[in-house]
Amino acid sequence: MATALGSLPSASSSPTTTPSIPANATLGRHLARRLAEVGARDVFTVPGDFNLTLLDELEAEQPSGGGVRLVGCCNELNAAYAADGYARAGRGVGACAVTFTVGGLSAINAVAGAFSENLPLVCVVGGPNSNDYGSNRVLHHTIGLPDFSQELRCFQNVTCYQAVVNNLEDAHEQIDTAISTALKESKPVYISISCNLPSIPHPTFSRHPVPFFLSPRLSNQMSLEAAVEAAAAFLNKSVKPVLVGGPKMRVAKACKSFVEMADASGYPIAVMPSAKGLVPEHHSRFIGTYWGAVSTPFCAEIVESADAYLFAGPIFNDYSSVGYSLLIKKEKAIIVQPDRVVIGNGPAFGCILMKDFFHALASRLKKNTTAYEFQMQYGSIGWSVGATLGYAQAAKDKRVISFIGDGSFQVTAQEVSTMIRWAQNNIIFLINNGGYTIEVEIHDGPYNIIKNWNYTGVVEAFHNGEGKCYTAKVRTEEELKKAIEASLGPNKDCLCFIEVIVHKDDTSKELLEWGSRVSAANSRPPNPQ
């Protein structure tokens with residue numbers, strides 16, 4: 001009689017009866033060791049009945065022994081947001097572990113955001129018992145159909161690899177392939193693990209994981225040399241060139257070589273809003289954020305009046321271009337993507353790594369001195385609270401400062417309690433202006449007004465006498481100054497939450513301009529049919 005795909009081995013051949021297999025040679029503990037190896041030493045979790053045994057195994061592989069630490073979150077969306085923030089902090093990979101469907105589909109919005117931002121994130125889902133696959137049974141946590149692939153089909157659109165682990169024989173291969181793909185593609189991956197498998201010893205997990213050998217991506221040397229020669233000729237003949245950093249510098253790991261090129265050339269440096277924090281803003285030639293009509297004062301004038309500009313990993317969407325209103329010309333631009341260079345209207349050069357291109361170009365440019373994090377692409381409200389948790393958990397050497405709107409805070413506020421639980425000393429400025437002001441400036445309506453909370457009271461309730469927490473409610477510049485001094489002084493080891501109460505119409509001229517332009521782009525009439 002044939003054995004159904006994914007069923008457990010019979011008792012006579014069960015690996016649990018083989019005494020030579022170490023007790024810790026389990027799928028769950030292998031996963032813990034793999035995640036730790038690639039940098040995800042904190043896994044953001046929400047328990048559910050399908051992932052409880054998996055969490056036991058992850059918990060058993062302690063960080064001191066090369067494993068991971070579980071950071072329990074208030075909901076799955078926030079857990080995946082935290083994994084997003086963790087990945088941004090330069091730890092390599094972010095990871096979350098949730099339960100089947102009700103957990104996975106809650107997390108998927110954050111996973112989609114990580115996909116849009118080219119972040120390596122491992123979303124692990126505790127799946128159905130392996131014996132239930134192909135059984136035509138209806139399970140809880142599903143939509144009532146004997147089909148367990150709904151969650152998988154949803155994740156196929158927002159991950160670069162999907163693994164459904166429902167038998168032990170190929171579990172090692174599937175897990176390793178998924179994680180290595182996340183590293184290679186710098187995108188999220190999905191791993192579903194049957195709930196009855198994580199704690200069973202199996203010979204494929206009997207050794208500590210050997211470090212991944214990922215074949216390094218290399219530039220085509222002929223293409224690189226040709227691109228450098230053409231770019232150098234293009235830029236060296238310009239009188240007032242400028243460099244503009246974009247968000248794809250992160251995935252290309254080219255931030256350091258971008259600064260190297262800037263140092264060698266002497267060109268002014270700007271960043272697109274979605275690249276804020278990727279270039280040191282204390283650099284002597286940093287001129288601000290280039291965002292069209294809402295740029296840092298004088299930054300747009302410098303960029304748009306340049307006779308040549310190099311954009312490093314840009315994404316030109318309706319938000320970053322302020323309703324497609326950037327005054328730049330293709331014939332004056334060098335566009336450098338992670339593996340491609342286009343100079344003016346042409347030529348184009350492929351198979352070139354961005355970091356190699358910048359490093360080589362730095363030595364060919366004539367000196368010419370004439371001249372933090374933000375989810376811009378996906379723009380998911382509530383992202384910042386969870387991302388702050390994850391980033392701070394990874395970047396222990398930094399103190400994270402977040403500016404969060406009241407509307408966004410109401411979506412994911414619970415994770416401030418997790419920050420306090422894990423003794424984070426973040427400084428959060430809560431901007432209380434009574435609603436979704438950014439939406440007001442695009443298109444106003446009564447739906448943009450929200451119920452006002454006592455935000456410091458909410459955080460004090462989260463604190464509840466456990467941990468270190470400082471709150472302040474400020475209405476004036478002097479009160480704000482005192483709150484900042486308190487946060488940097490006697491409360492430097494505390495989670496500091498400063499509620500800044502401002503008038504609903506107290507916005508910058510840049511936001512007004514940005515909103516009007518995005519509104520105009522959104523409200524364009526349909527083209528004639």
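Cβ atoms are placed via backbone N, Cα and C, with glycine included.
TrEMBL labels come from automatic prediction, so no person has curated them.
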Given ranges 1-24, 505-528, the stretch to which TrEMBL attaches the annotation region 'Disordered': 1-24
Average pLDDT across the domain 'Thiamine pyrophosphate enzyme TPP-binding' (365-500), rounded to a whole number: 91
CB within-chain contacts under 8 A for N433 (Mg(2+) binding site), separation at least 6: G405, D406, I501, V502, H503, K504, D506
Residue among binding-site residues D406, G435 with least C-beta crowding, 10 angstrom cut-off: G435
Non-site residues, in chain order, whose CB comes within 8 A of the mean position of the CB atoms of D406, N433, G435 at Mg(2+): G405, G407, I431, N432, G434, Y436, T437, I450, K504
